[in-house]
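K.L.:
Reproduced below are the annotations present in TrEMBL:
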- 43-63: transmembrane segment (TRANSMEM)
- 75-95: transmembrane segment (TRANSMEM)
- 115-138: transmembrane segment (TRANSMEM)
- 150-169: transmembrane segment (TRANSMEM)
- 253-274: transmembrane segment (TRANSMEM)
- 295-321: transmembrane segment (TRANSMEM)
- 341-363: transmembrane segment (TRANSMEM)
- 383-405: transmembrane segment (TRANSMEM)
- 508-529: transmembrane segment (TRANSMEM)
- 549-576: transmembrane segment (TRANSMEM)
């Protein structure tokens, strides 16, 4: 396959010729009417992704049950093949497609921001550690296992390294060659990440449920839980008895949340790349804002301090909760742990709701214009925030119905009801605050101030006495240069000595964003690492049954966990844009 425009050739060539004929020295940054969107190619890639996703979902869900003749090594085989195909395509893209002439005519400045790519690398590192633990665990009894169980984590580690490098250097690309192949390759990459995510969520949820619901499950579900680590071989032949084997097993289960988040982060970035295939950026409306991230400047530190207090307190609550719930069989200890957990979350969610309302009120006084330009990254961010929140909404409404309809009602039920209501309110108010922040134009005060300061003799590190030597004693204004305004000496000195002032609205918005960011981090850590009162509170379990309620939580909770991490990334963007 050559570097020519083999697909979409005619339409792309005509648009480029028209553009270059009028502006021979400029890239074809034409308006949206000249963008090349091949509906057929996009539809074919979507259909490919849908069919592969359904196949992977069918195998993952079928492999979880003993009575169905689908084993976990069948799932591993499919995922291994998909990852190998994606690795081959990424190498083809990096070596062939991206190096073709005029392959990347423009880049989307909004796609793949540095904090998103940095988070991707962080989760990739933990995913690699998880793969090492998994290789060590399966190698402990390789003689009674299928070889695919050892091959799978090795291929997954290679896949994580190759994909992370690919997204780091190519996340902003707007590709204009090999369009259909690139679309299909990106959709295959997205589907592979979602399939790995489904497999990880299944294993992680089964492991958590196995440790908490041994006494409250049916025989079929209990057998399913027992097979979470080794479904294809008998427990007698492959028992993990050595201490090093137990360390590997517990280690990779604890690292599952990072691998889950990595797959979702990668899926979001790949989707934006897919949307940008064949896209021309209008540089007149697509401004590139080079904003500097100053964490400890221009703030009152109130949001950071309060957020750190919430974060540290939440870690303490998580440790106590895990010790009292998992290590103690006394009902009083369990009751105390649930009470402590609910009180902390009620306080945290209440503060976050009030802060979000305050931020939305401040936006009413914000004089910045709304950013109405086309932005696939922002559109995806909003869709993920709204969609992922549905998982926590579902759990909360199920809890509300169970608590209201159940009798008798005790103090824990009242706390649980308050917690569910505040969870709904906090998600709603936070989504409103984040979406408003993402649609605001970046501030222009700094740019204006800097340009004005550069006009004042271009001074960088001079003292005031040196400046006064250049100012006439008569106090008259300096002779302006061509096209420049007259500058008074007092204005010159004031401009050089006065510190940059930030609007009070921006300061408050930064404090709010940082507080919400740190609070969302602890609200992600708690359920991701074991604090799940949905399995420890008997109200919902008794109301819906020991089969329905765990299934509801297992399906909805991963979306709620992902919501918190995606909210962290979005709030960081709101903080920088404020």
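Glycine residues also receive a Cβ, built from the backbone N, Cα and C atoms like all the rest.
Keep in mind that TrEMBL annotations are predicted by a computer and have not been checked by a curator.
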K.L.:
What residues elsewhere in the chain lie close to the transmembrane segment (341-363), defined as a C-beta under 8 angstroms and at least 6 residues from its ends?
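P.N.:
Contacts of the transmembrane segment (341-363) (Cβ under 8 Å, skipping residues fewer than 6 from its ends): 306, 310, 313-314, 317, 321, 412, 415-416, 418-419, 422-423, 425-426, 429-430, 432-433, 436-437, 440, 505, 508-509, 512-513, 515-516, 519, 522-523, 531, 533.
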K.L.:
Could you tell me whether the transmembrane segment (549-576) and the transmembrane segment (383-405) are in contact, taking contact to mean 3+ Cβ pairs under 8 Å with a sequence separation of 6 or more?
P.N.:
yes
K.L.:
So which residues does the transmembrane segment (549-576) touch in its own chain, when a touch means Cβ under 8 Å and the partner is 6 or more beyond its ends?
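P.N.:
Beyond its ends, the transmembrane segment (549-576) has Cβ neighbours at 113, 115-116, 119, 201, 205, 209, 213, 217, 221, 257, 260-261, 264-265, 268, 291, 293, 381, 384-385, 387-392, 394-395, 398, 427, 430, 433-434, 437-438, 509-510, 513-514, 516-517, 520-521, 523-524, 527-528, 532, 534-535, 540-541, 543.
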